[in-house]
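Enquirer: The structure's right below; bear with me while I get my questions together.
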Amino acid sequence: MAAGIVLFAINTFGGTVLTEILGHGALDVRLVVTRAGYGPKSHLMPHAIADRHGLPWTTDEAGGQALESHVAALAPDAILVGGYHRRIPRSLFETAAAGAANLHPSLLPAYRGATPVEWCIANGETETGLTLHRLEQGFDTGDILWQGRVAIGADDTAGDVLERITTSLVPAGVAAFAERVAIGNFRGVPQDPNLASWQAKRSEGDAVLDLRWDAAKVHCRVRAMAPWPLASVMLDGMVRRVARSRLISQPSQPTLPATLVSVAEGGERAMVACGDGRLVELIDLDPPIGNRP
């Protein structure tokens, strides 16, 4: 008999998690807790996938009594969080008989928090991954049940890396969850608090480039903010959004730091000198959007 589960998931990452769960005959999705998504990728969102498979779903928020009563009435064997925007209270996840787990896109205990992929790239990391951990009241603090790793390339954006995690690691992460449900054991390896790091959720201000930074930091920040919200930079007194960048070797001629060196391709590319004197090419610049970042 298939184990009954409740899935908390939003966005296309959560949609992939749901799709993988549906491929496991040992798991029976009794409810998807999500929010409706719109736009060009809405068909990949959990609610759309649930509709196609005749699964019940709700947009009731975690933390509300209505959802807690609903989940308790379903008496799930397990709960999985696969990308969700709110903390799941203990009173809710303890309704699962076998246990509850979360798929977090970092190599815990490093990069706890809401936007780990972005901060991994912003900080110049060369590797990240996906962690299945036991759900507890703390944010991303529970026992590690499984981990997988992916490389971060020198020019990879946050979108590139999240896509790599989603396509190459989510299947194994869901399989590891299914195994834990089957044996009824959600005890794993405790996280080492000495290795833990926490990053706040990305803010609008985090997307603003400061050309006084060294070139590597500017390049990493551009990559971290793509494809959304995109980094912004002040060039010739106007704010521009930038989708990509490229590190250039040390200039042959001395260049003043934090200056615009050249503009090309009708303004869609610009060469800037950063605080360490190295050049960064800003690529796919949007039209000017005003005079404030």
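Backbone N, Cα and C atoms are what each Cβ position is placed from, and that goes for glycine too.
These numbers come from a predicted model, not from an experiment.
Residues annotated as domain 'Formyl transferase N-terminal' in TrEMBL: 54-166. Summarising the annotation, TrEMBL assigns domain 'Formyl transferase C-terminal' to 205-279.
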Enquirer: Taking DSSP states H, G and I as helix and E and B as strand, how many residues of the domain 'Formyl transferase C-terminal' (205-279) are helix, strand and coil?
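Expert: The composition, in the requested order, is 16 helix, 28 strand, 31 coil.
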Enquirer: Write out how many residues of the domain 'Formyl transferase N-terminal' (54-166) are helix, how many strand and how many coil, based on DSSP.
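Expert: The counts are 30 helix, 29 strand, 54 coil.
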